[in-house]
Amino acid sequence: MKAVIFFCLLSVMVFTVIEAVKEEGTKPAEAARECAAKNKRCADWAGPWCCEGLYCSCRSYPGCMCRPNSG
């Protein structure tokens with residue numbers, strides 16, 4: 001009886017971990033759709049990331065802002 005209960009608990013734990021990993025895998029894709037516009041706050045290491053044609057300038061942390069590319 002203890003073995004059956006242990007197996008059930010173990011199965012639930014494994015299922016929970018698998019679902020958490022699946023959800024975590026979708027977060028970067030969702031975050032990639034959103035971008036920060038010119039003069040908005042950004043963070044290259046964690047997001048929000050700057051829109052295309054902009055880069056994240058951190059002249060004074062934590063005041064990082066999206067600036068236009070100069071090239």
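Using N, Cα and C of the backbone, Cβ positions are placed for all residues, glycine too.
As written in Swiss-Prot, here are the features:
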- 1-20: signal peptide (SIGNAL)
- Cys35-Cys51: disulfide bond (DISULFID)
- Cys42-Cys56: disulfide bond (DISULFID)
- Cys50-Cys66: disulfide bond (DISULFID)
- Cys58-Cys64: disulfide bond (DISULFID)
- Ser70: serine amide (MOD_RES)
When distances run from the Cα of Cys58 (disulfide bond) to each of the recorded positions Cys35, Cys51, Cys66, Ser70, the nearest one: Cys66
Disulfide-bonded residues listed as Cys56, Cys66, least Cβ neighbours within 10 Å: Cys56
10 Å Cα neighbourhood of Cys51 (disulfide bond): matching recorded positions from Cys64, Cys66, Ser70: Cys66
Rounded to the nearest Å - Cα separation of Cys50 (disulfide bond) and Cys35 (disulfide bond): 5
Using Cα positions only, nearest of the disulfide-bonded residues to the residue listed as 'serine amide' (Cys35, Cys42, Cys56, Cys64): Cys56
Neighbour-count leader, CB within 10 A, disulfide-bonded residues: Cys35, Cys42, Cys51, Cys58, Cys64: Cys42
Separation of alpha carbons, Cys35 (disulfide bond) and Cys64 (disulfide bond) (Å): 14
Cys35 (disulfide bond) versus Cys56 (disulfide bond) - Cα distance in angstrom: 11
Rounded Cα-Cα span from Cys66 (disulfide bond) to Cys42 (disulfide bond), Å: 6
